[in-house]
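Features reported for this protein in TrEMBL:
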| type | residues | note |
| --- | --- | --- |
| ACT_SITE | Cys359 | active site, nucleophile |
| ACT_SITE | Cys362 | active site |
| BINDING | Arg152, Thr154, Trp165, Ser217, His220, Arg252 | FAD binding site |
| DISULFID | Cys56-Cys61 | disulfide bond |
| DISULFID | Cys359-Cys362 | disulfide bond |
Amino acid sequence: LTGVLDDCLCDIESIDDFNTFKIFPKIQKLQERDYFRYYKVNLKRPCPFWADDGHCSIKDCHVEPCPESKVPVGIKAGSSNKYSKAANNSKELEDCEQANKLGAVNSTLSNQSKEAFIDWARYDDSQDHFCELDDERSPDAQYVDLLLNPERYTGYKGTSAWRVWNSIYEENCFKPRSVYRPLNPLAPSRGGDDGESFYTWLEGLCLEKRVFYKLISGLHASINLHLCANHLLEETWGKPRWGPNVKEFTRRFDPIETKGEGPRRLKNLYFLYLIELRALSKVAPYFERSVVDLYTGNGHEDAESKALLLDIFRDTKSFRMHFDEKSMFAGDKKGAKSLKEEFRLHFKNISRIMDCVGCDKCRLWGKLQTQGLGTALKILFSEKEIQSLPENSPSKGFQLTRQEIVALVNAFGRLSTSIKELQNFKVLLQQTR
């Protein structure tokens with residue numbers, strides 16, 4: 001991949017250099033901080049769009065909920081968190097003991113973390129939420145340590161996984177049902193058409209709707225890259241070895257294997273990176289205020305985390321080829337407002353589709369990255385509110401909850417990692433030739 005991206009004035013090489021030498025090392029460090037490593041998520045919400053087709057039974061995917069007595073106090077603070085009687089039989093107890101094995105979602109926390117969460121809950125409750133987030137108060141919502149549950153290949157694939165992406169693309173990307181995206185196994189056969197009619201249609205869209213599709217495609221590409229880069233290479237004597245799988249990468253992105261589709265997907269990944277990078281540069285004034293704390297209860301660590309975050313913001317501002325979001329929604333005010341509302345509703349719908357993912361680990365990272373992108377869009381649509389924030393008091397005009405902040409940073413961290421991994425695959429491909 002080389003050259004200038006569509007719909008913006010930035011080239012791929014500039015992003016590669018900027019990400020590798022400035023952003024990636026710092027965002028990695030930030031994600032290791034307590035404030036950003038724990039994410040509250042409900043992995044038990046039923047799919048709202050179709051009958052549940054059963055959760056993934058692969059051990060890398062699925063984890064049974066632990067009985068209440070096994071759940072750390074800090075996770076269930078403020079709720080009774082009752083499980084059904086069926087959750088207390090011996091099989092469930094055995095499954096719970098196995099929950100920390102390969103690929104399971106690990107929700108165990110240290111005593112220090114438990115105490116911090118009680119403080120976090122108090123702190124978050126005192127804030128004015130900008131919008132209602134994903135059922136944080138539900139008894140089924142739990143904190144997950146993202147560092148103990150890295151996003152990687154789980155074996156979850158086939159019709160169930162395709163159905164989720166198909167619903168996102170076919171029903172939420174402003175797309176007529178008569179136009180099928182390329183290489184979609186759930187779409188009717190189109191004979192010799194390799195998807196060119198799809199791209200003819202896409203180029204005819206207004207910028208805003210074209211951007212929406214590219215964001216979703218970029219997110220899809222990024223997730224696929226993570227799975228290729230952190231693949232189960234072998235499992236001997238119960239000791240798994242994870243690493244980059246060149247064959248899997250080629251299958252998903254090679255121009256010949258994907259009939260030219262792979263490079264388009266990767267370009268959309270870069271486009272998504274630019275959008276979220278722009279959001280980080282725009283939200284900096286919100287965090288630069290003394291009234292905003294990255295609160296964990298550890299004053300020294302909180303100060304260090306905020307200093308590192310502000311350092312990253314300075315880097316994002318120094319980037320010279322930002323996407324110009326002013327080119328979007330630039331028409332008449334009534335039309336622009338209506339289109340923004342459509343964006344909001346479509347993203348809300350996509351976040352709900354993530355509850356249809358049958359693999360717990362895939363669902364965890366899907367929900368986090370979707371929420372991170374939704375937060376980035378919220379920031380880009382709130383520039384005036386951010387610019388007029390009061391220095392010494394919370395603002396009702398623009399507010400970010402801790403969940404949105406954690407999702408924003410980790411979602412961008414995933415994109416940064418994707419672009420870094422793409423450089424690694426380039427080297428590996430050259431070595432295999």
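Counting begins at 1 with the first residue displayed.
Keep in mind that glycine also has a Cβ here, set from the backbone N, Cα and C atoms.
On the structure: features taken from TrEMBL.
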residue	record	contacts (Cβ under 8 Å, 6+ apart)
Trp165	FAD binding site	His220
Ser217	FAD binding site	Arg264, Arg265, Asn268
Arg252	FAD binding site	Asn224, Cys228, Thr258, Gly262
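His220 (FAD binding site) is surrounded by 17 other CB atoms, counting those within 10 A of its CB over all protein chains shown. Residue environment of Cys362 (active site) contains 23 other Cβ atoms, counted within 10 Å of its Cβ in all protein chains. Around the Cβ of the residue listed as 'active site, nucleophile', 25 further Cβ atoms fall within 10 Å across all displayed protein chains. In this structure, the C-alpha atom of the residue listed as 'active site' lies 8 angstrom from that of Thr154 (FAD binding site). Residue pairs drawn from Arg152, Thr154, Trp165, Ser217, His220, Arg252, the listed FAD binders, are separated by up to 21 Å at the Cα level.
A straight line from the CA of Cys359 (active site, nucleophile) to the CA of Arg152 (FAD binding site) spans 12 Å. Its Cβ placed at the centre, Arg152 (FAD binding site) has 19 other Cβ atoms within 10 Å.
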